[in-house]
Amino acid sequence: MIFADDNAKKLVPYVTGGVTEDWADCLRAYRDNGADAIEIGLPFSDPMLDGPTIQEASDRALARGTTVDGILAEVRALRAEVPLIVMTYANLALRPGFAGRLAEAGISGLIVPDAPLDEVAPIRDAANAAGLDLIPLVAPSTRPDRLRDIAAGAQGFVYAVSVLGTTGERDRLDAAAGPLATAVRTLTALPVLIGFGVSAPEHAAAAVRDADGVVVASALMRRLLDGASPAELGTQIARFREAI
Amino acid sequence: MGVMSEPAERGRFGEFGGRFVPESLIPACQEVEAAFRDAWADDRFRAELDELLTVYAGRPTPVTPARRLSAELGLTLLLKREDLAHTGSHKINNVLGQALLARRMGKRRLLAETGAGQHGVAAATAAALLGLECVVFMGERDIERQAPNVRRMRMLGATVVPVGSGSRTLKDATNEAMRRWVADTAEAYYCIGSVMGPHPYPWMVREFQRVIGEEARGQVDRVPDVVVACVGGGSNAAGTFAGFADTGARLVGVEAAGGAAMTGGSPGVLHGHRSMVLQDAHGQIAEASSVAAGLDYPGIGPEHAHLGATGRATYATAGDDEVIEAVHRLARTEGIIPALESAHALAWIVRNASDLAGLTVLMTLSGRGDKDMEMFQ
């Protein structure tokens, strides 16, 4: 279980592991400003579902020589005091011992965007054996029968991708987000969080009318890439917190 | 599962294949699979494709005995001449099939990735022929290396989108095409250029390229001892092997030494399927490097990984220098300038000529070398 069993709206900010020297300070800043959980991206060279901002963050992290082990070592040292979730791609997640290493570092959940329902079994088995929740994604294009199957096997929460597209900032929350979250909420007791394109506090406020919370990623990473400090990102998170 | 028949459940060739794509692309993949199954069982679709292959693409392509080079090497070398197909390579076979399928599915736009530009040119050509839009993603480095093909694509009405991420080659162009597809599944059809990607692409592309092997089988007096083809993703090799998989012929795929996923890689997931890939100790995909833009790719189609694992086919490599030498050798002995990609197969034959003495070797000459002329200046 990643979240407390209450009706409070959940806020999950994202940071790409290793993107800057002081990236781990983002975790503290997020925690101190009201994050309910934090999503850490483990950079992969060929990210299929990421738009330009997260790609740039991943490229920058890899160019700095960032490795999964290095990120996990920093996480382990941190004692984050909020649930931590890792997002990464199947080629990393399928490596032997991967889930166990996450668990040792104190991670409680895993998101693998290119391991859909049909391919997910080995990753889910390994994650569960290590005590991790495997959080599934659903999309506006997911058909009802499949939505039911995904919701039935969900753990932690359900990540509702608001758009047909890659990660990235957008001018407004896509109209597909609300109906998708509403549909999933009828299928599971787990929280349903909306992500992709939650770029401003008002988007988050709109999203939580239908959903249990939001994931905020590109809007934060854009500022970090443009030079914002972890403390400034923390201030941004406080605004999101206030909005929902 | 028989050798080179339909893949098993969930698009598996043994432990390889599958459909490793974001949830948002699953319905698009399912739609392509359903449409392909329906079309491939429809005699009218097959007849329309056959007609285009004949009256437009110039099939059947001949099998040419390479007499002078055969005498020099001490073996019988037969060349399956895909370089004589319209647009200059085997790529047109697959693209005509997929473009017809896209039109049948009511899509308006083809998305394609390209390395050497041959698949991009073929996609732009088929799109023009069928009245579809075409957007081709191409690494910035490949745009520099393959300028004539970029001009060709633009002349055919395609939009060429430069990709500046990563190694700025085919791998990154493929990522970008997939990301665009995620956002555009309603109107766009992703026309993958090789036997890779999520199910059903590896299977479907092999079926569209099967024409190479089946034609060749009917054009030779007896089954060759050895069948050789170059391998990047591996579509010309898969199509060729499909015609001979049920025979005793030895099947050999030749990769670029700097992009040898079979001989230098390990199992991994890239571009929607599980196969052999070049990766570092941490699981990051490695950058391939080859003089041939079309083979500058760190993965290989999943069916090749399966054929390799089961021993039905073997895979070898050729290095840049011997490949360039092979291009010159074929030009001077037979009056044929092969694409750098195809010359990998020839370089392997030349290097192994003494072991192949007296044997009949069929090699697929997958494309012509016009696009590579600047490499030889």
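Every residue gets a Cβ built from N, Cα and C, even glycine.
Caution: TrEMBL annotation is automatic and unverified by curators.
Record features (TrEMBL):
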| type | residues | note |
| --- | --- | --- |
| ACT_SITE | A:GLU39 | active site, proton acceptor |
| ACT_SITE | A:ASP50 | active site, proton acceptor |
**Fill in**
For A:GLU39 (active site, proton acceptor) and A:ASP50 (active site, proton acceptor), the CA-to-CA distance in whole Å is 15
**Message:** Taking only same-chain residues 6+ apart in sequence, whose CB is under 8 Å from that of A:ASP50 (active site, proton acceptor), what do you get?
**Reply:** A:SER58, A:THR166, A:THR167
**Item:** Count of other CB atoms lying within 10 Å of the CB belonging to A:GLU39 (active site, proton acceptor)
**Value:** 25
